[in-house]
Amino acid sequence: MKAGHLLWALLLMHSLWSIPTDGAIRNYYLGIQDMQWNYAPKGRNVITNQTLNNDTVASSFLKSGKNRIGSSYKKTVYKEYSDGTYTEEIAKPAWLGFLGPLLQAEVGDVILIHLKNFASRPYTIHPHGVFYEKDSEGSLYPDGSSGYLKADDSVPPGGSHVYNWSIPESHAPTEADPACLTWIYHSHVDAPRDIATGLIGPLITCKRGTLDGNSPPQRKDVDHNFFLLFSVIDENLSWHLDDNIATYCSDPASVDKEDGAFQDSNRMHAINGFVFGNLPELSMCAQKHVAWHLFGMGNEIDVHTAFFHGQMLSIRGHHTDVANIFPATFVTAEMVPQKSGTWLISCEVNSHLRSGMQAFYKVDSCSMDPPVDQLTGKVRQYFIQAHEIQWDYGPIGYDGRTGKSLREPGSGPDKYFQKSSSRIGGTYWKVRYEAFQDETFQERVHQEEETHLGILGPVIRAEVGDTIQVVFYNRASQPFSIQPHGVFYEKNSEGTVYNDGTSHPKVAKSFEKVTYYWTVPPHAGPTAQDPACLTWMYFSAADPTRDTNSGLVGPLLVCKAGALGADGKQKGVDKEFFLLFTVFDENESWYNNANQAAGMLDSRLLSEDVEGFQDSNRMHAINGFLFSNLPRLDMCKGDTVAWHLLGLGTETDVHGVMFEGNTVQLQGMRKGAVMLFPHTFVTAIMQPDNPGIFEIYCQAGSHREEGMQAIYNVSQCSSHQDSPRQHYQASRVYYIMAEEIEWDYCPDRSWELEWHNTSEKDSYGHVFLSNKDGLLGSKYKKAVFREYTDGTFRIPRPRSGPEEHLGILGPLIRGEVGDILTVVFKNKASRPYSIHAHGVLESNTGGPQAAEPGEVLTYQWNIPERSGPGPSDSACVSWIYYSAVDPIKDMYSGLVGPLVICRNGILEPNGGRNDMDREFALLFLIFDENQSWYLKENIATYGPQESSHVNLKDATFLESNKMHAINGKLYANLRGLTVYQGERVAWYMLAMGQDTDIHTVHFHAESFLYQNGQSYRADVVDLFPGTFEVVEMVASNPGTWLMHCHVTDHVHAGMETIFTVLSHEEHFSTMTTITKEIGKAVILRDIGGDNVKMLGMNIPIKDVEILSSALIAICVLLLLIALALGGVVWYQHRQRKLRRNRRSILDDSFKLLSLKQ
């Protein structure tokens, strides 16, 4: 026996010993099957209890016809079977719909998926949240693997594959996470189309001891476990579209698959594949623990706010009654239902609500006595009236920021404020909630500090333990109501109309009064992790879409006991501001006809420009004001300011609320922007340290351009004592130049074409990358920030190694709290540019000075405490810098870069972090080249010879210039994302852009931690315009892996790249060293004679071979005995596990044998 043999025996023992012995092997037999699916099996709108003949909206989706498919579609789904014969299907709860079966495991477990494809095309199964190697990833893309490692990437019809997943500690729920984390699995050959076809299911990974030993296992810690997928399922993307047209359309030949109305009819706004309340009832017992596992999937329109009427949820330690869900977002919510009855779950995005994304859940008393709320506080009375008014969106008549008239032709605002025979102008009939002193409704309540509320109703305030009594008087011409968030109420005080088996006296008809009673028991108020007061909203829900667009919405504040003073205001806060960000769609208002009549519009002109007219009625407002017409928000330097921010509207109402000049804290995390979605509410705290006049605006480029701006003023007040001045020290200087270059978004198409196994013309990327048929291709002239070694700007700092991945981005600028960052900027471009940074304290309060072509300017950025990490943040936070001469056009031209600010002591002298081994900054942005300063030059350079023939408004041309990029690269053309196994990696994830820049970024094979007061586990990070996130990872899984945005259109458009985890070079050198040392121990000769020094003794050479063989034999024998004993222990332990697992591999093997005999 050679010495090396002993080494390999030792390594074998190590590998066997490393197999998890404390967890179960959980076998799942899944078959992929075609089936017929009905989105509305009850054949009606269950929410309103209307037939399809009486519901024009529901019938537009659900009635089949000459060129309409209707409610039934062929789909392909995962089904579970009892064993490898795939003959006995295991039933699942009806409410799971077309979702695959629940897969569940604990930390330490192994999941074996025995997948067989009974369908007509290749599919796979790819998981989130678990560990897998290359042969079990289930995702098709060029990753450098081959042979058996590719068998999992595409299981052909009739084929099968066994996927091996595990849940090691590196993928375990953290201490702060709930007992079980929500994940999904889905097919990943062409993931968007596979998922739209139906191949998706739920997966949970749990902490040890959470699951019992039953088959299937049940959770010990909850009484009910529900899984809900919120998705606009696009049947136009299904692999079965042609089959569905042929089967369900009465005249298939008449179908135009490109017709917009036909495509809309195939987009099913579903919960688990059911629409308009057709989801089978979700039943639970009051006062029992319920786990809700919520997840989303889909496209840019898949922005969902799930509202649970009547109950309160707990998500990551915070109380809420809504959950925000996006494509590949996973939410675990906990509930202990208190109020029995049939309650509504709905997506509160207006278009989704109207299109049927609603379901019921039923809370039964289950013989339990109803809980007695501990209400020891006040009864707070509010007298609120709905009053019709004429509302002016621009009362001062000019843009408060620029001073230009709102009606100046070509100014931008004139689109909304110029009155003509085809435009209403800026004044509309609306309805508003107004506060009165008592039930006589004679004397209004006037409070000077609430003048900024604008169209909003009065602020309703309460503390834990209080009862709120609202007397509502409807003096409007339509039935209206008041529906609250964030409080408890009985059925007779709910303001939403739906078919729950009760009457609805709480919708007030015209000139009718109704009274609502809401309560704030302890289990509904702010938690220990919440701020002192939580921001909520109330609104009319007789017809939620039309009521709120008409103006009926107001703020509600729920505080901890003792947080409100005698005057009803929050203690410890100097200023409170309530801001609603929404696009008021006056086309959806109850008063649309009245407004058109009042405007004396010409119907002929309207019919010629319907789209333009409707667009002019969509008012991008803050509290009902556009273009900085909101009454100015005044505060003093050093004040504690509470910003109560509210969102409302439809899927385009994705708002990144930016506070120019100062930063805010959100749950202890430092932010420059706060994200709002329909029916989401945020409390942000600011302590302004930067006097001046600043903007509040929505970061989504189009929203800001369309007027979603306001002004706040920070004054140096004599009554305020200055806080101790922060000490700064000059420390870091960057030399940055703006230069114009040719940029290629996709220099190599081989990855893209191999991925899709297609030609250039048939690839999804053709529209973006082809330079034929009037398109520009992948090359564009751009301006970029580049770093130089010194102020001569002669020697560029090379981009290699750690900075190779930056791509189009400028250099990664780093600083610590207390630093002064000096940026020497030279503009070598052909037009004026500047450098403006988020988060820092800029020395020039009027905004950064622009550098003319050839000019050199120096910018100074101070880094105060409020620019660095908050108490709940990671050690570093990410920001962004860009040219701000024209922020939108400058950024799309290419001038953008990352900025990182760290706590003191984190950065090394060379700028790197001492707590991380690698840092990567990634910008996910749809570069809209149509808005670049260089569009005309690019058309002339890269377009057709007759560039004057290019139609700049052509839809295909416009789409072709929208580059769905990661650091300016498409289809895995970004280079430099390489780490070694075991390294600590910080990812600075950045997003800017428009409301379509919703990016849910998924890391294959790795999970990461993100900070939100505590550490939480995830493998998808959500990004929106103006959000900058930091996630941290310990790279654990060697291989080349995919990273991509999970939004359907973004996947196909190329927003994906690969990152590589390499094994440590030390692994090989260590093994080599061990081998050499063993060899030395066996054959090392004594220098002076014919003996060998071995085991401390001089042994004659002639006896060495015999002794060596004997020693090795003894070692091997002892090793075998140890292995045998260990194997017996392991076998007994495993047998106990397997006896509790009826689907074990051994049992199934015997079943198969008996069937064959």
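The backbone N, Cα and C atoms fix where each Cβ goes, and this holds for glycine too.
Annotation comment: Swiss-Prot describes 1-18 as signal peptide, evidence class sequence analysis.
Cβ neighbours of His1004 (O2 binding site) (same chain, under 8 Å, six or more residues apart in sequence): Glu137, Ser139, Trp1041, Leu1042, Met1043. Annotation source Swiss-Prot lists O2 binding site at His126, His186, His1002, His1004, His1046, citing similarity to another entry.
Cys206 (disulfide bond) carries a strand DSSP state (E or B). For Cys180-Cys206 (among others), the entry in Swiss-Prot reads disulfide bond, with the evidence type sequence analysis.
Here Swiss-Prot flags Cys285-Cys366 (among others) as disulfide bond. The local packing around Cys366 (disulfide bond), expressed as other Cβ atoms within 10 Å of its Cβ over all shown chains, amounts to 13.
Look at Swiss-Prot and you will find Cys533-Cys559 (among others) tagged as disulfide bond, backed by sequence analysis. DSSP classifies Cys559 (disulfide bond) as strand under the three-state reduction. Counting only residues at least six positions away in the same chain, the Cβ atoms of Arg461, Ala462, Glu463, Val464, Gly525, Pro526, Ala532, Cys533, Leu534, Gln570 sit under 8 Å from the Cβ of Cys559 (disulfide bond).
DSSP assigns Cys636 (disulfide bond) to a strand in the three-state reduction. Annotated disulfide bond per Swiss-Prot: Cys636-Cys717 (among others), in sequence order, evidence recorded as sequence analysis.
Feature annotation from Swiss-Prot assigns Na(+) 3 binding site to Phe768, Gly777; the stated evidence is similarity to another entry. Around Phe768 (Na(+) 3 binding site), the same-chain residues six or more apart in sequence whose CB sits under 8 Å from its CB are Tyr745, Cys746, Ser778, Ser960, Lys962, Met963, His964, Leu970, Ala1053, Gly1054, listed in sequence order. When secondary structure is read from DSSP and collapsed to three states, Phe768 (Na(+) 3 binding site) falls in the helix class.
Taken from Swiss-Prot, the feature disulfide bond applies to Cys876-Cys902 (among others). Mapped onto three states, the DSSP output places Cys902 (disulfide bond) in strand.
In this structure, His999 (Cu(2+) 6 binding site) is part of a beta strand by DSSP. If you look up Swiss-Prot, you'll see His999, Cys1045, His1050, Met1055 marked as Cu(2+) 6 binding site, on the strength of similarity to another entry.
The two recorded residues, Cys902 (disulfide bond) and His999 (Cu(2+) 6 binding site), have Cα atoms 25 Å apart. Counted over all residue pairs in His126, His186, His1002, His1004, His1046, the record's binders of O2, the longest Cα to Cα distance measures 13 angstrom.
In the three-state DSSP scheme, Cys717 (disulfide bond) falls into the coil class.
The recorded positions under consideration are Cys180, Cys636, Cys902, Cys1045. Their Cβ neighbour counts within 10 Å are lowest for Cys636. Closest to His1002 (O2 binding site) by Cα-Cα distance, out of the recorded positions Cys206, Cys285, Cys366, Cys636, Met1055, is Met1055. Cβ contacts within 10 Å of His1002 (O2 binding site), excluding its own Cβ and spanning all protein chains shown: 19. In sequence order, the recorded positions near His1046 (O2 binding site) (Cα within 10 Å of its Cα) are His999, Met1055, drawn from Cys717, Gly777, Cys876, His999, Met1055. His1050 (Cu(2+) 6 binding site) falls within a helix when secondary structure is assigned with DSSP.
Less than 8 angstroms from the CB of Cys285 (disulfide bond) sit Asp223, His224, Pro337, Val363, Asp364, Ser365, Cys366, Met368, each of them six or more residues away in the same chain. Every protein chain considered, the tally of other Cβ atoms within 10 Å of the Cβ of Met1055 (Cu(2+) 6 binding site) stands at 25. Look at the Cβ of each of the binding-site residues His126, His186, His999, His1046, His1050 and count the other Cβ atoms within 10 Å; the largest number goes with His999. Neighbour density for Cys206 (disulfide bond): within 10 A of its CB lie 24 other CB atoms from the protein chains shown.
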